[in-house]
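According to TrEMBL, the protein has these features:
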TRANSMEM  B:6-25  transmembrane segment
TRANSMEM  B:53-72  transmembrane segment
TRANSMEM  B:78-98  transmembrane segment
TRANSMEM  B:119-137  transmembrane segment
TRANSMEM  B:157-174  transmembrane segment
TRANSMEM  B:186-208  transmembrane segment
TRANSMEM  B:252-274  transmembrane segment
TRANSMEM  B:286-307  transmembrane segment
TRANSMEM  B:409-437  transmembrane segment
TRANSMEM  B:457-475  transmembrane segment
TRANSMEM  B:481-502  transmembrane segment
TRANSMEM  B:550-575  transmembrane segment
Amino acid sequence: MAEKTSSNAYWDANIRIISICLAIWFLCSFGFGILLRPMLSGISVGGTDLGFWFAQQGSILVFLVLIFFYAWKMNKVDAEHGVEE
Amino acid sequence: MDQYTLNLLVVGASFALYIGIAIWARAGSTAEFYAAGQGVPPVMNGMATAADWMSAASFISMAGIIALAPAGGYTQSAFLMGWTGGYVLLALLLAPYLRKFGKFTVPEFVGDRFYSGGARLVAVICLIVISVTYVIGQMRGVGVTFARFLEVSTDTGLYIGAAIVFAYAVFGGMKGITYTQVAQYCVLIVAYTIPAIFISLSLTGSFLPQLGLFGTYAPSGGDVAFLTKLDQVVVELGFTQYTSHTTSTLNMFLFTMSLMIGTAGLPHVIIRFFTVPKVADARWSAGWALVFIALLYTVAPAVGSMARLNLTTTFWPNAVAGQALEGDAISLEAINTDPNLSWINTWENTGLLAFEDKNGDGLIQYYNDANPAMQAIAAERGWTGNELTKVDNDMMVLANPEIAQLPGWVIALVAAGGLAAALSTAAGLLLAISSAISHDLIKGSINPNISEKGELMAARVSMAFAIVVATWLGLNPPGFAAQVVALAFGLAAATIFPVLMMGIFSKKVNKEGAIAGMLVGLIATSVYIFLYLGWFFVPGTAMLANTPDAWLFGIAPASFGTIGAILNFVTAYVVSSMTRPVPEHIQELVESIRVPKGAGAATGHH
């Protein structure tokens, strides 16, 4: 039973981290890159606006950071819950 | 040495390298054939995944589609975000758990998790439809590249490419493919970035194309931003402003989403994560794959926009320093005599570029003749229509170094890079198809007692068959390389991604739900695509015009994958709630794949 609780806590922690990462993922690509572009049109970046930068470059950089953050964070969480390999 | 010989030498040398590696790392066992024996470290695996993933569509087609998009380059950002953002989903939602599960193929996971041979069979069908559609796009890319550098027609180029893909995918298997793909990644990334750096230096003075894209335009003195200059030049000729958002936001949103979840559902990409030693490595691998992919994907928008500007200023030399229309257009005489413009005639031979001096003034005017304002200017000046009658999206990247007048070895290198991209992906896809047929279909249901040798033979025969079908369909592709590939993503988004995600994150979805969900996703998406693009892509069988007006709610066929995925999720949950719950031992299986502890090597046996 103790193991079950521990694995539930582990899974909950995992779901929480995934949700945060995916919220940022959505905001930077679909948000800033597409839906919110008109709102950001006042901020100019090299001949165009911030939304264009997010759509063609910024979002990709954010994706990279997210994946490495998740890998680093989860490997730590694995160890905390004693479920690492 | 002339360009033709140089092309042959560079491409020949790169091929010798791949074939050498394939022979050196020849697969001996089924484990090595399917999953490289789990011995591939994360960085190497990331590089091979990047090569596997970045296909003719990314290398040859994508920058051209961004550059020449009639609605402006911004609208095609969907490709950039979609094809990279999917890795976030893959790394967070699928890769670690599938690695923990530890089998060879995607249908095997579906079959075990949903405790049903029927579910496995439906997954095999989805996988084959996706992969074959994807291979058609690659074949088109191979055809275009060979056509240019061997100076033959696109069809002949396609036959040559098919023969080469066949030879080396059939012998290598996953182990051979993995190491070959590492070499191919190096060739393709060097080939893609070198011309981009040269062009960025000359147009913006910036060494990094990523910075050049948002830098200043150097040839006119550096007082205007590069993108402002590009906008100004294309608008002057009556085209849509490059950076503006002019199409349906809904469609762009759905298309981006479809490419993202499709990426995470591509069987040939997912199987890469079976080949890493540990669950933690699967997480890092996805990150490394995206690092290597981002190297190309952050360069691509620069390549596209700079190619567009270079193309335009080639046809309107006066646009470099001032207004395009203040000077004359390029003359026919210059095209035929200036060695720097010889690429125009060479590309015309491939059929991907066409021009015609309609008004007989000896000049080739390139402008948007559908724009009423331009029609007025044209009438005033005696022009009778746009005279650069065809610029194929798929030629932009390959022609880019020639348009920018770079040295011959750079041009040859780009040809080698384009082929590396197309071949590495085609090989990975064929492997996914053949393993689905030999491992999941034949060993899994038709003949479970088949010997290892017989299984390898079946895998190779099905690869050969898949190449023949893809080549035949590649002769009449339903679109540009990247567009065909986008359809494959729609199908993957609607079928494989939802079923895998529900298999991991829900203990409630049962076999009935999974099967119904996959079928609904597959049928809805493929029927929607076939209605607009022809049944099974056979030319002439389309039932509706493929235009935004005819699309349901303005949703393009390639964007429909998102809708298909939603239908899949909803169907699966509704059907599951009405049928028997998931058995206890399967719920335990789900529990076990959620924790990394205890992951063994992948096996092919139950």
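Here the Cβ of each residue, glycine as well, is placed from N, Cα and C on the backbone.
Here the transmembrane segment (B:409-437) has Cβ contacts under 8 Å with residues 3, 6-7, 9-11, 13-15, 18, 33-34, 51-56, 58-60, 104-107, 124, 127-128, 131-132, 134-135, 138-139, 141-142, 144-146, 148-149, 161, 164-165, 168-169, 172-174, 177, 180-181, 184-185, 187-192, 194-195, 198, 267-268, 271, 397-398, 400-402, 458-460, 462-463, 466-467 of the same chain, all six or more residues outside its ends. Outside the transmembrane segment (B:457-475), and at least 6 residues removed from its termini, the chain residues within Cβ reach (under 8 Å) are 33, 131-132, 135-136, 138-140, 143, 155, 158-159, 162, 165-166, 169-170, 430-431, 433-435, 437-439, 442, 450, 537. Residues 79-80, 83, 134, 137-138, 140-142, 144-145, 185, 188, 192, 239-247, 263, 266, 269, 289, 293, 296-297, 300-301, 303-305, 307-308, 311, 391-398, 400, 417-418, 421-422, 424-426, 480-486 of the same chain sit 6 or more residues outside the transmembrane segment (B:53-72) yet have a Cβ under 8 Å from a Cβ within it. Within the chain carrying the transmembrane segment (B:252-274), a Cβ under 8 angstroms from the stretch's Cβ atoms is held by residues 34-35, 38, 45, 48-49, 52-53, 75, 77-79, 81-83, 85-87, 89-90, 93-95, 98-99, 102-106, 127, 130-131, 134, 174, 245, 282, 285-286, 289, 425, 428-429, 431-432, 435-436, 486, 488-493, 495-498, 500, 555-556, 558-563, 565, 602, all 6 or more beyond its ends. Tertiary proximity for the transmembrane segment (B:186-208) is limited to same-chain residues at least six positions away from its ends with a CB under 8 Å from its CB atoms, namely 14, 17, 47, 51, 54, 59, 215-219, 222, 226, 292, 295-296, 299, 302-303, 306-307, 309-310, 397, 400-401, 404, 406, 410, 413-414, 416-418, 420-421, 424.
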